[in-house]
């Protein structure tokens, strides 16, 4: 799941960089918007993606989380297997990331595997903040671009040269 | 839609570059100890000082909004808020200098879970200078911003900008730093379009888009950093990074350097600054020139030196070389300008380069020089922009192609320009001399190509700046009017405008004559960055 999302994030970044390099302001803004979304998706993915696991852990942290009470939920065994698999994957990823992260990951014993089966809620809180901020700034930039289009009569950054200096040479002597 | 090669290639590179970290960081979490999550005893009164310079301007801006129909009150409310903020910043400095870093757990939530506001000596020093410049700039804005301007919420944005900058200097949490970046970014958007002239739309589009991209890159770095450290608290990050090796550290470090260099307008990423800083009202330009690039430099110091510790040293030569290029090339750029505002904008960038040289030297002396230069640069760049504003008001233009004979007609303005200009160049007895001297000494004490290039860069940029300032002085201030006016009307400057400028001039000369009042805290700030044991201990005690 994370792999697929990583590729999607990469595609988002590629599309946004492509759009931001175009001379039309509207495309640049679309690129900026996709850029922001790519970042949010990246942080979301980095916080682990899990399916149908309740976000509440037991106090001891030594048994698998209870499955949600829905008819379609898998059996507790399946959840535990899934949790163990996710734990292994995390330990493996941590080893590749570095010694210290590996040490930390080995500290996460198998009994903590249920913790790794649950998505980390903090990145989700972070992107909630980031979404609000980037949305408001995007709204501002949209209005700004429209005003700039109205007053400068162009949406191409190549012809937005009003703030650039006019070539005039000051006297060479005094 | 036609595919363009120059767009496709970077897009592919971006895809590959950003795909890798996402895959590497997914699904790693670091559990934390089972200590208490919340403080139960009440916060000490002294700890409230850490947030006072942030909260007071926010209250001021809220009040200006609440009383938006009382136009006459606006400036006074902002003035009162900024005055109280400055006073609280003075007390904050006294406490921090005598007792070391001061912490406040926001909402009483303890560090790994909650955000802490942590002010060390460096943070306190920069908060004080920010409040001081905010207060002085406001006295100028009172004369410059008219009735209509006040009714469009100028003072609301002004206070929020100061709050955002102070917050960036005061926070002890990396995501919170991002939030403060956005706070002052949004306020600066409001201020840069203030007045709504055509040229401002042009400048604001470039400023807005590029700064938003820089901040978003910063967010990528923060997200990735959390991905493999599992914490956002600066002290915790320092602990975890000290024991982490490998590719993620390099990737995240490079992203931080990119984001902060863009914010600070370092050499290959500086193009947005001279394209936009000369377009808004001069008070706005002055505040931006003084404060915003310094936030980038401060973040570079805080993250690359304090958080990354030993791992940051691999980026320091890069920062140093970029600094050399920025310092020299921007000074050359200043020589090529005819508009005084644009000339001053290039001098801002040149100063950024000088500070980056100090960071890149990787010694306590170099870092101290960079911090002293940051304080000097905040004061003097604001002052230079403000005095250019006065010249524009007095003569209608401030351009090298138009002689204005300012010296003969308005001696005070001409004298102030010369003081601030020579202070930027780094000539004694003004404030710029000491940090440049310290940086050259620190460079010569080191060995290697960068040390030599650093010394040459600082001296050469100083020389070129002196030439640029001297040229402006001769062509604008001494040359009699030659009838080639632009058609701008001289609106005249009220006498009260002299007060903030004279106050800044006194500060600049005082720092030149008594440099120890800044060098002493800067030394302790640099020591605190290089060896933050006390800071880390304070955070640990809190946990």
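The backbone N, Cα and C atoms fix where each Cβ goes, and this holds for glycine too.
Record features (TrEMBL):
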DOMAIN    B:173-457  domain 'NADH:quinone oxidoreductase/Mrp antiporter transmembrane'
SIGNAL    B:1-26  signal peptide
TRANSMEM  B:77-97  transmembrane segment
TRANSMEM  B:109-140  transmembrane segment
TRANSMEM  B:152-171  transmembrane segment
TRANSMEM  B:177-196  transmembrane segment
TRANSMEM  B:208-229  transmembrane segment
TRANSMEM  B:249-273  transmembrane segment
TRANSMEM  B:285-308  transmembrane segment
TRANSMEM  B:314-336  transmembrane segment
TRANSMEM  B:343-361  transmembrane segment
TRANSMEM  B:367-391  transmembrane segment
TRANSMEM  B:412-430  transmembrane segment
TRANSMEM  B:450-478  transmembrane segment
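In summary, the transmembrane segment (B:343-361) lies against the transmembrane segment (B:249-273): three or more C-beta pairs, each 6 or more positions apart in sequence, are under 8 Å.
Most Cβ pairs under 8 Å with the transmembrane segment (B:367-391) belong to B:285-308, among the candidate stretches B:77-97, B:177-196, B:285-308, B:412-430, B:450-478.
Cβ atoms under 8 Å from those of the transmembrane segment (B:109-140) belong to residues 32, 35-39, 50-51, 53-54, 57, 75, 78-79, 82-83, 85-86, 89-90, 92-93, 96-97, 100-103, 155, 158, 162, 165-166, 169-173, 175-176, 231, 233-236, 283, 286-287, 290-291, 294, 298, 301-302, 371, 374-375, 378-379, 382, 386, 389, 496-497, 499-501, 503-504, 507, 518, 521-522, 524-526, 528-529, 532, 535, 538-539, 542-543 of the same chain, restricted to positions at least 6 beyond its ends. Among residues of the same chain six or more beyond the transmembrane segment (B:450-478), those with a C-beta under 8 A of the stretch's C-beta atoms are 317, 320-321, 323-324, 327-328, 330-332, 334-335, 337, 340, 343, 347, 350, 353-354, 357, 360-361, 366, 391, 398-407, 414, 417-418, 421-422, 424-427, 436, 439-440, 442-444.
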